Every structure is written in C-alpha cells, then in structure tokens.
C-alpha cells in the first residue's frame, strides 16, 4: 500500500518546554527524520516543515538542555542537520530543507539517526525516536522493524505517530517502544493543530523504564557481540564529540574485534577504519597469543586513510562518513580544543581555529570567551603511534606556531603574516603555504579576508613592520549612492539589489516599499564591543498627500450627508402618505380641515393626530424615525471612520531601515532568525531593538511627542529665548518675518518719535536670525552710523530697500545653492545607533535615548538588510547615506550636518561679504557727503537723492545684466507663459543633478582623506 500522507520520522533526543513540568523532561537530544520521498507532495512537505518550526519555537533548545537534529530521506539520505542547541539556526536551516525524492525507504532514515546518536549523542542523556508517518509499504516493513530493534537495543526509545485513516495499528504499535507510545492523527493538518501535545508524549516516553521487543515482527539480525575485556583506549566520539579530561564510562562499545577483521596488516600490526568517525582508527596487535586492540585519533585536521594506511589532511581524503557530505550548516564543533571546529569546504571537513580570546559555539561560530585559553592547533595532539607522522606534523605546523600568536578569520582560507601586514599566505596543497603581496596602498585584513585596509605599513625602531591601522576606526560600509551601490569605505563590500528594485539616481536610493538591499558579508561575523550605524533618509510623502486628499473628500461627503439628513429629519409624512414641511406648517396660522369628518381643527390637534394612527392604535412619532435615520447615518460614519483610522494606523506602522535578521511570512508571519539589531522609523518616532550575547534585549524609542529626551543645547537656548520674547510681547508670529515685513514695520513706526534708534537696533538684532546675511550687514551699518543723529528713518527705509535689491541681484549662485540646500534638507532625517561596551544610544536628529545591556551585540547568520526585515513594513522613501562601523568613530561621525565641502563654501561667502562691505563703505561715504550738502542746502537734498538712486539703479542694472546668464540657466520663471511648467521641470532636474554632483564629486575626491579624519 502507498502512503496517503507525509511520513516523517522524528528522532526526538530532547523534550520540549511546552507543557512540560518535570525537570526530567527538560534535557534530551532530538533528531527529526523527515520523509521527503515521492509519496509526499510539495504542499504536504511545507506543512511538515511548518510543524517542525512550531516545535522548534516551543522547545527549550539550548546546548545544556535540548539539542535538535534533523534528517530528510527518500530513496537516499537528503539534507541533514547535526545536533545543536541554537534555535534560530535550526529554524533557518529547516526552512531551506528540500525533498530528496525517490521511493520511500524509512529504514534508511532510522539508520542515519542511529549514526547521528553514535557520533554526536550526549552521554547519559535520554535518546528518543519519534516515527511519524502513514501506512508502510509491505516491502519496507521488515527493514524498518530491524532498524527500530537496533535502535531499541542501543537504548533509543521509539515513539510512533500514525498519520491517516489507512494506517495499520499493529505496524505503528510494533515500531513504538510499547503500545502506550503509539498515537494516531488524521493527517498533516491535524499534526499542525495538535503539535502542542507532542511534548507530553515525549515526557511520557522518557520516563518509561522497560523497553520491549517489537510486537509484530522480530528482527532477524544477530545480536551485537561483546568486545574483548582487554581493549585499550576508548573512542572519544562514539557517544560524544566533547572531549573532557575525566571521561565517563560508555554504556556501549564499538565492536573492535570486527574492525580488526577488516584491518590492513603491516608487520604484525593491523590498522582499521572506525565507522562514522573519519578521524579515528584502530590498531590491532598479537600480544602473547591474544589480540590487543587500541583506538587511536589522528592529529589535528587529519582523517584516517585506509588506502595509505596513515593519517592525511582532510582535503586529501574522501571519507564516506564525513558529515559535511550531508549537513547544511557550514561548520560544527571539534572536540580537541575550545577554539577548534570543523568547517565544510566543497563537501569536505577542514579544521579551523578561532582567534585567541574566542571560543567556538555550535551554530554561532566564534564568540568572545575570556575563559577559553587553550592552544589551537593543540600541541602534541597526535596519538597515532607513528613517529614518522609526528615528524611530519611538526613540519606541517611550521606556520601554525606563528599563527597561534596572531588572530585570523576561521572562515578565511588566507592567513596573515606576522610583521608583514602588506602580505598574506594561502594554502596551496601538499602542506605548502605560498606568500602573496597586497595591492599597493592596501594592507591585509583577517576579518575581511582580503587586502581591504587603506594605508601603508610603518616601521618601528627595530626595523620591523608594524600595523598601526588598528588604531584608526574606519567604516565597514559607506554607501553614498553615487556610483550605484559602490562601497566607498575601501572594503569593497558587495551589496545585493535583487531585481534592481531599489532605484539609484542623483545620489539617492529610492525604496518602493517592496524592495531592499542585502549585505551577505556580515553573516556570522562577530561585531565586537562597538557598533555604530548611521543613516540619512526621507520618507515618501506621496502617500501622505493622497491620504490627506482622501480624508478631505470623506469629510465633504459626510458633511453633505449630514445636511441631507437634516432636511430629511425636518419633513414628516401625513396620514395620506404625502410629505410636508413642518417648518412651513408651524409658520402658518390658518386652519386645517379633517378630510374624514369635514371639521376645522387646530394645528395642535392636527399635530396630535399626526402622532397617533387611529386605525392601528400605534404611535408614529416622526422623532423616532429621525432618530433611526440618524443612527443609520452614524453607523455609516463610524464604519468609514474606522476604515480611515485603520488606514492611518497602517500608515503609522513602523518601517524597517536596517536589520540583521531573516524575516518573512512563510505562513507563520514570524522571523526564522530573529534579528539582534533593528532600526525602524515612523512619522514621529524611531525605534531601536538590540539583543546581546547574554540574551539581554533592549528596546529604545525616540518619540517627538514625549518629553525627557535630550535636545541640542543651541536649539534649546533658542527656544527659550523665543519663549521669553513671546511672554514679554504677547502672542505673535513675527519671529520669521521677512525683510519686506521689517520694512513695513519701520514705515509704520517712523511717525512715532518715541521709538529711539537704539531700540530699533535691538529690534533688528532680535530678528536677524531670519536673514543672517542681510541683517548682519544692516546691523553693522546701523551701529557704524549710530553716532550720526542726522540720519532719518526715511534714509533707513531706502537703505533697506536698496540692500534688498542688492541681495536679489548679487550672488544668484549663492541664493540657488542656499535654496538647493534648504530643499535638500526638507523632510530628511538622520538616525544613528551606537553600541559601545554595553552602552546603547539611539538617536534621531536632535533627540536621543540611552540604555545599558549586558554582553555584546549578538551575531546572526543573515547579514545586514537595508530597508527590510524584522517583521515590519519595508521602507518606502529615499536614502542618502548609510554608514556601518564595528568600532567607535567618536563624536565627529555622529551628526556632521555640514561636510568638509561646506567649509569651502563658507570661505567663498566670507570673501563675498568682504567685497560687499567694501562696496558699501564707498557708497556710505557718498551718502555722508550728500548729507553734509543737505545741511547747507535743503533744495539740493532731493536732487542728490535722486542722483544717488539713479547711480544705484545703473550699477544694479549692470550687475543684473552680468548675472543674467546665470539666472537663465536655473531660473524657474520664463517670459513665455506656455513654457512655465516645462521650465520648472527642467529646473528641478537641474537642481537634483547639481546637488548630486556636488556630493558625489566631493566623495570621489576626498573620501580617503575624509575617512582618515574620522
């Protein structure tokens, strides 16, 4: 019979934390064996993976509690996950598991799980097998029973759950540990619904004491032979890969005698391989007529080669039991040192060491650990009993002795060379390491696994090269979006833009709300004690405008409906079904006839008859009808108001700016790898979420509506000053008045003789923040002329008007640049997250929030994602710059609103101001001469003023003609009315292009100097 539903074999070596109260059920090892044969459809396979993910989230997974593994099988073994205690890595790997296909052979899955228990199972920890599947094909029953009997003999408890209505109860009960450990469910959907019950099943089977043989069919395999009592040595990894000084006794031993039967004999010494342990071998010797067997382990980074009868480098031996052939994760632990681990490269295991001060943790990689001070590679690790191999091992470690004193990236095939940072070495095979030179001007970076550090090595007093670049905090990533997604940090970090969904143009990146950027380089990389991220962005305002228009239309419709309801409520029906206006009826003073009796009645009596139906005896008060109509209208209004509120709530949902977790829906609406870092943004807030290596989680929120956050001191002082002025002079809004408003104010006050010159100067000084250039010059001019009491308010008004025209005509380029900068800053926000030695600071613009956490930022294996992740909405808007540091760049990198190129512009402005001041001095001398003449002859005063005005107009006219070409290039106005829109579009594009070129030219020319300064 064929299997109607999916068949999974869960080898549960752990007990879940859901609903488990007993401490006896909290420690175990779990291997999940998944049926991926042709009997399983893709949809059913996804449901089974979903059930597995739900189990993973409910388990108390940890290296000290529950460890989980998984195997997929069809006709052969497919993807596998070794036993580990990292929940996020398990969920991430389960998601990418694929069906191997082929006929269903469940006994191969059981056999593979037995190997996993033998190689990675913990000693003295319950081992449980859960067989979950449908009806079993008759031809596979015997093999499956044989494997379950072997598992039972190895103290692996088997629990069986049958899926479907066609499963045979006897077969399921025969697989299980006993009949009480056999369960039945309708289908895969029923499994998803009842997945929370499985922890109780597991706890029950863990507490079961007496195993029994299969009830239906007994295995015909021969019982395992007991090993000889004189065996010397124990394999360090048949039940545990964790090597300790005090090794417990093993409950089961390898059949060494059988291994010696297959050994290769060389001069009365036999050498044999050990199943499932590529790095182990057995030595067999005849001693006094008896066979002495000794288990041995190859030196660090070597496997046993049966063909060569010796230990060789792992890359030179194709071991069929190498776990890298079946596992999905890139690395696993190596029990020779706390720093050692195996890395999978091209399907083979390669030994690696974590840098000093770090330890390897399964599923996490190299993590900071001050207690891990073991040597790696371990000295004297060889235990093969062969002197030649020992000699070769010394030669092999010629470079390793030097490398042990240096830190290097365990995931990098390149090694640094001590004292030569401009070089690196690479393993070329046959125990040879070849040196290579970095490109000129660069140094080798172990963390980047490339020559990515800008700089040159310096020599110390002894003549040795010393790498001082470690003292300079440089960004790991800098994206100004000038040359597409080119990284200007010098690290050449690759940034993925899938489908080119993120549009790069004019020095900005546009995110449409469905796109994002991915940076895989930071996957599995320890961030260290300091992390600094800074981003400049602007949300898309088109949605807000559309939303406001919709709200306006909704309010108009609701007002119209309210007016119609008012007219409807003011009209009533009479007994004949005709509608009349009560207001008209109330204004009339005439009499109304009753048609039935022909009598004249008063309006009040008619009103009473209108309220009572004599034929039916019921009240028909129109007020009730009106109330009913009002309730209907109110209900409609409430429904639309709720919809509008929902739209606003959706619009105010946080959008992800950057995260380092892998999150999407996948029918679970959750993250498969929870990010340890996420920055989100909303209309009025910015959110920061951080998780540490000590499982400490910190959430910060910078909200514009909340008090208690820090402000810039300058802005605070300015606000306090404006508030004092407002309290002193009353409620007014003239703080932002333009020059025209000031002229009108002076003209209005010029008749007031009580207004002194000093008061006017103070008034102008108070408002000079509105137009720094014009008002600064004006204040200087007034203070210089203040001693001359002969100047009148009329002259002052003319002077202001003249200055205003000069400002319009002079320096059109400066006005354009200023307008461009104002447009460029409009709506832009800057957000940063700084983590330094456990201190966290989240900041947006001039507000910030702080907190403290234990441990460093937790490393994830998803890399960084810009504009997406963390189970929030994708970012929709523009980004201008993105910085990522793994060090502390200092306060200079926090919020530098004006870049270095702004200094050059300021210098130019100062020169222009000096020229203007000089010109003003000459004009002032002329005016002073004119005023002296006015004292002698009042009649010539008007003529001189007219002449001065004419001269000024000529000068300004010539200046305007000179700047006419500049105005024509970027002017928004045109004499032709039909071409106004087209000119405006061209002008906008020119502004965007000029701003982009200004930024990108600066970045291209000064990025190296600029980064060194930081």
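Positions of Cβ are set from backbone N, Cα and C atoms, glycine also.
Summarising the annotation, Swiss-Prot assigns region 'Disordered' to 212-250, 377-428, 539-659, 710-740, 802-875, 890-995. Here Swiss-Prot flags 212-224 as compositional bias 'Basic residues'. The domain 'Chitin-binding type-2' annotation in Swiss-Prot covers 257-374 and is backed by sequence analysis. For 298-311, 354-366, the entry in Swiss-Prot reads disulfide bond. Residues annotated as compositional bias 'Acidic residues' in Swiss-Prot: 383-407, 894-915. Annotated compositional bias 'Basic and acidic residues' per Swiss-Prot: 539-563, 571-651, 802-817, 843-857, 916-995, in sequence order.
Within the same chain, residues 368, 526-529, 531, 676-677, 681, 685-686, 688, 690-698, 700-702, 704, 709-712, 715, 829-835, 894-895 sit at least 6 positions outside the compositional bias 'Basic and acidic residues' (843-857) and bring their C-beta atoms closer than 8 Å to a C-beta of that stretch.
On a Cα basis, residue 298 (disulfide bond) lies 20 Å away from residue 354 (disulfide bond). Each residue of the compositional bias 'Basic and acidic residues' (843-857) gets a DSSP state, and the totals for helix, strand and coil are 0 helix, 9 strand, 6 coil. In the three-state DSSP classification, residue 366 (disulfide bond) falls within a strand. With DSSP classes pooled into helix, strand and coil, the tally for the domain 'Chitin-binding type-2' (257-374) is 11 helix, 56 strand, 51 coil. In the structure as shown, the Cβ atom of residue 366 (disulfide bond) sits within 10 Å of 26 other Cβ atoms. For residue 366 (disulfide bond) paired with residue 311 (disulfide bond), the C-alpha to C-alpha distance reads 27 Å.
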